[in-house]
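Over in TrEMBL, the protein carries these features:
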- 4-57: coiled coil (COILED)
- 1-123: domain 'VPS9' (DOMAIN)
Amino acid sequence: MSVIDKAKDRLQQLKNEQAERARLKKEEKAERERQQLIKQKEETQALLEQLKIAANELGLSFSEYMAFLNYRSLDTRLTEIQDNIDYILSRLSSFDNNNSDVGEIRAKLSDLESKIDFMSTQP
């Protein structure tokens, strides 16, 4: 066997080893991701069980309790929007009050504010 043939064989062997390492690395990554998904699923199931228990303790059905939680989340988002509107209005106060665009923006924001106030008072 010539030196060239030996070099070709060695090169092919190295390529095969590299491909095998890459394959093993992919498999290990896929297994880690699979384990992470299993863990997330278990945590989600445990959380759902806790929510069901909490709903039961409050004398609510699970769907009623989830509706309550969604309402609380909506109320929080409405508060954040209200804060953003207040910030924008405070920034607009530095502009020329005679500018019709500023007045129009203020009117729209005030209208939006009143709608949010109405929504946040609804059960």
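Glycine is treated like the rest: Cβ placed from N, Cα and C.
Residue counts for the domain 'VPS9' (1-123) under DSSP, split into helix (H, G, I), strand (E, B) and coil, are 108 helix, 0 strand, 15 coil.
Confidence annotation: the coiled coil (4-57) carries a mean pLDDT of 88 in the model.
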